[in-house]
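What TrEMBL lists as active site is Glu166. Sequence annotations record features per position, and here TrEMBL assigns Zn(2+) binding site to His165, His169, His175. Under the heading domain 'Peptidase M12A', TrEMBL lists 72-265. Under the heading signal peptide, TrEMBL lists 1-21.
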Amino acid sequence: MRSIRSFIVCLFFITIKHASCQSSESSDGLVISSPIPERSRHITILLEAKLQNGTRLLDCTTNEQEQVEVLAGIIPSRFRWENFSVFIEPSFGTDERTLINTAMDRLSKVLPCVKFGILSIKPSSGDYINIKNGTGCSSNIGKQGGAQNMSLHSRGCMSVGIIMHEMIHALGFHHEQCRPDRDDFVVIELENVQPGLEHNFKKYSDSQVNTFGVAYDQKSIMHYDSKAFTKNGQPTIVAKNGGAVGSTGDLRKSDITKLKNMYKC
Ligand SMILES: [Zn+2]
């Protein structure tokens, strides 16, 4: 079966406060991280993280026709990664590469059964993610087979939280507010959504989305902000419990549990 292309672009506000990494010199002179290389067949580059405080707004579109097939039932194993390998295009600077590496390092601790690695040379074959300095922040859902693009624009996508969000899409997850049970927890105010972008709030059925037994989390790293795609500054997503809606900029316990359940590790 031909690989299915599903493209997600994300809109959310994220504030990152601080992150840092330990690094050490490898024998070939590259600065490599621990523990990523221990689990990776690839050379991994890690430098000190330098994160900035700030709030970011990103554009978002989806191709829902393709998502439905990808999301049907439990995502088939062919969409999952054994070796989550990325190649970072040379246009990224040292600080940006550090943020990408930090995000991968944190996800590698969540999924110890997956080998995370940054490719030092762009491969001519194999499954990997090509991270480009493209328009907005975007990723396919799950492993597509061969090379697949992830866009992380330098000006809008460079925080560990946003990068992890995109990588979780690539690992196989869609947005939290698309879950079949979302109406029990949030109200979608479509009258405040920009015309033509209503599809971003589509809800999927139980046969299309697997929640992996984890309760709905309105602060999931995969949840839209309360004013995502607003046309008038008014909320587009309101929590029924009156609480805040949207990612905190970091992994939540629910995110970690879902990832572990999907990958069984
Ligand atoms: Zn997203």
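Any Cβ shown, glycine's included, is placed from N, Cα and C.
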Margin query: Highest Cβ count within 10 Å among the recorded positions His165, Glu166, His169, His175: which residue is it?
Written below: His165
Item checked: DSSP-derived structure type at His175 (Zn(2+) binding site), helix or strand or else coil -> coil
Checklist line | Local backbone state of Glu166 (active site), from DSSP in three classes | finding: helix
